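A short write-up of the structure that comes next.
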Ligand SMILES: NC(=O)C1=CN([C@@H]2O[C@H](COP(=O)(O)OP(=O)(O)OC[C@H]3O[C@@H](n4cnc5c(N)ncnc54)[C@H](O)[C@@H]3O)[C@@H](O)[C@H]2O)C=CC1
Ligand SMILES: O=C(O)CCC(=O)C(=O)O
């Protein structure tokens, strides 16, 4: 086992994936050079007074990969392990994701190195506002538009929007509400943005099932990560008649061969610090056995580097629907492909979130308020269009779905550079 296999890094995965696609599509070497770099990498250190009167200095990141297609776009994550290289990898994935979805955006990502569970609500508000202040005009509604990601939510987006807008002239503040998306509905948020990523995951799974001449009815599925993406994906899988048999979150893993009702699990979590541990209607499973659970569908919806050379051999699922960003390493993927497991790649599978964010941005820019039904209809249409283009590229280039999705995404950026005549 090499060192990389034991401690894979997301930045290595995204680079390998890019190189493979760039080789196959014979990408213009100048454009290849540009896309191999991130445009801007910002690291900020900012002090915040805690409830006990002491001052702590936090480290935050914002990486802007590429903006050939439009403003940088992508989430902010609050996690103790986030480092600059992770923010880079996640920003690069955003560039491919927004391009594949046909959005007028580039890719960005960032966050704060913090375990939010250790801080009070008041502290998190002060940390968020101070971070926003430190970012200053390195974000902006027509420049770089953050959104929720791991451990961030609509409340945090509302604090960011409020802090950013307060730095502008009073008579102009309302022009800036789309500096972030994923806001609460009453603060300019989109009806349906909360469930957009999980809904999109299931739209792609239904499309995959159709492509495989089957349906989701009666299929057993397992979900890693029961936060925004995992919860909503489970709710929609349930609506399609699939059966949830195992769940893992940061607190542990649970299993019930006869099925776990996602709505009932959510009720339990609400009363139990938001975690699944000790759910009484399932047994506890050792974390290392999670991906080996017998199932048809596996939805990793937590962090990167979860399915690796160390556990891919034991995967039983027939399809991996990547709700998370970068959950499968290239080494893990090679083993899965050898076993005949299909993978719906992250930049396609979880793109419902950023598509929803785009709708919110349009809504704020035009002063409209969209109906929930319109959001869902438009979201589904866009995701199905992306899915069809990925299938077509996979056939045209005789390659796997991930590489096909990359080719589709990179092709659009290459065409844009070519149109400008800068790098013929
Ligand atoms: N929120 C969104 O709209 C989008 C999120 N994503 C990706 O989806 C993934 C999940 O994001 P959210 O659901 O928003 O985050 P979240 O913070 O709402 O939920 C994260 C979940 O992962 C679990 N988790 C954390 N560490 C874990 C570990 N070591 N093992 C197992 N579970 C663990 C947590 O307990 C929690 O259940 C991330 O990779 C994120 O980048 C992708 C596209 C959009
Ligand atoms: O909604 C967005 O702008 C981006 C969400 C995100 O961070 C992602 O798709 O990974």
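Along the chain as shown, the residues are counted starting at 1.
Cβ coordinates are placed from backbone N, Cα and C, and glycine is handled just like the others.
Reduced to three states, the DSSP call for residue 109 (active site, proton donor) is strand. Summarising the annotation, TrEMBL assigns active site, proton donor to 109.
Among the features that TrEMBL reports, substrate binding site is placed at 73, 97, 357. Using a 10 Å radius centred on the Cβ of residue 357 (substrate binding site) and all shown protein chains, the other Cβ atoms total 30.
Non-local neighbourhood of residue 197 (NAD(+) binding site): 228, 229, 232, 233, 323, 350, 352, 353, 356, each in the same chain, at least six residues away, with C-beta under 8 Å from its C-beta. The NAD(+) binding site annotation in TrEMBL covers 197, 228.
The site 'Important for catalysis' feature in TrEMBL is assigned to 149. Of all Cβ atoms in the shown protein chains, 26 besides its own fall within 10 Å of the Cβ of residue 149 (site 'Important for catalysis').
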Rounded distance in angstrom between the Cα atoms of residue 357 (substrate binding site) and residue 149 (site 'Important for catalysis'): 12
Pairwise C-alpha maximum, in angstrom, for the residues (73, 97, 357) that bind substrate according to the record: 13
Sequence-distant neighbours of residue 97 (substrate binding site) in its chain (C-beta under 8 A, six or more apart): 107, 346, 347, 348, 350, 351, 354, 409
Same chain, 6+ residues apart, C-beta under 8 Å of the C-beta of residue 109 (active site, proton donor), given in sequence order: 62, 63, 74, 75, 76, 77, 87, 90, 91, 93, 94, 149
Where the C-beta lies under 6 angstroms from ligand 1, the matching binding-site residues among 73, 97, 197, 357: 197
Other same-chain residues whose Cβ falls within 8 Å of the Cβ centroid of 73, 97, 357, the recorded substrate site, in sequence order: 74, 94, 98, 101, 103, 105, 107, 145, 147, 351, 353, 354, 355, 358
Neighbour count (Cβ, 10 Å) for residue 228 (NAD(+) binding site): 25
